[in-house]
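Asker: First the structure, then my questions, so here it is.
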Amino acid sequence: MSPCPWDALGAVLLVLAQGWARSMSQEYDYYSWPSDSFQQGRFYTKQPQCTDIPADLQLCHNVGYKRMRLPNLLEHESMPEVKQQASSWVPLLAKRCHSDTQVFLCSLFAPVCLDRPIYPCRSLCEVVRDSCAPVMESYGFPWPEMLNCNKFPFDNDLCITVQFGNISKICTQCEIEHKADGIMEQMCSSDFVVKMRIKEIKKENGERRLVAAQKKKKLLKVGPLKRKDTKKLVLHMKNAGTCPCPQLDDLSGSFLVMGRKVGGRLLVLAIYRWEKKNKEMKFAVKFIKSLAETCSTFCRNMHRVAP
């Protein structure tokens, strides 16, 4: 049986702690970097303390260690603040844009409990950013300034390096859910949902443009779309110019497409081949045709029962 990857992370953190202990006898001020740049000289009202990572901190409760340091490395001083801020990053983990995403985020939101803080290396930030920023952009969100990789230290034996390294190669819009609950949650988070045939696909500027067949489309969720948007429906798959998308290998038949309107452009969030006999898809489509308020109720319940 192969060793658990999270055990490997624990071993890495142990080595880092030992390295810090050795550095105590050297003229090396580990705090000089974060205090000058990242923390910007902030004065904390509370002394750093260790606390258990709670089960309802979904982003990090299974990261591989059990106790975290407060205040964390993003200047959150209370657990309620950590939970509130970390919750918005949970959906990014589900996209599996990089296998080190959780390690990177939790090194900041829930840093391991040691005498001194251990920051993520700049290289770790960069590989996660390069893989996950396109995913965030496809949803209309930029990579945030608080995670600017230039703020983190260069690789050394006192920062967390890349742990796993593999990158998901499939286009993020094509990593589909197979259960009705997952499809419905995607529908809820989308501005619009359309059943359509694809006339042609054009690749330019690192993205795919899906041109809909004019008479073969049906809006299941209209959202902010105007008549001019649907008259000649063109959908954009950002950062999907070269990655594989199995659903689009064959353009025959219909597709179920979910997306968001950002800056006047219609961005694809997820695309499915339309399957008449797929019970999960049929259930999800029936759901989206129901009352609009059902979406918010469903999504609240999904987040409430999420493990």
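Every residue, even glycine, has its Cβ placed from backbone N, Cα and C.
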Asker: Can you look up which of Cys97, Cys149, Cys159, Cys171 is joined to Cys125 by a disulfide in TrEMBL?
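Answerer: Among Cys97, Cys149, Cys159, Cys171, the record in TrEMBL lists Cys149 as the disulfide partner of Cys125.
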Asker: Identify the disulfide partner of Cys106 as annotated in TrEMBL; candidates are Cys50, Cys60, Cys132, Cys159.
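Answerer: Partner cysteine, according to TrEMBL: Cys60.
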Asker: Name, in the order they occur in the sequence, the residues of the same chain whose CB lies under 8 A from the CB of Cys125 (disulfide bond) and which sit 6 or more residues away.
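Answerer: Residues satisfying the criterion: Phe104, Leu147, Cys149, Phe152.
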Asker: I want to verify one value. Collapsing DSSP to three states, which class is Cys106 (disulfide bond)?
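Answerer: Assignment for Cys106 (disulfide bond) reads helix.
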Asker: Which residue among the disulfide-bonded residues Cys60, Cys106, Cys149 has the fewest other Cβ atoms within 10 Å of its Cβ, if you could check?
Answerer: Cys149
Asker: Tally of helix, strand and coil residues over the domain 'NTR' (171-295) according to DSSP?
Answerer: 34 helix, 49 strand, 42 coil
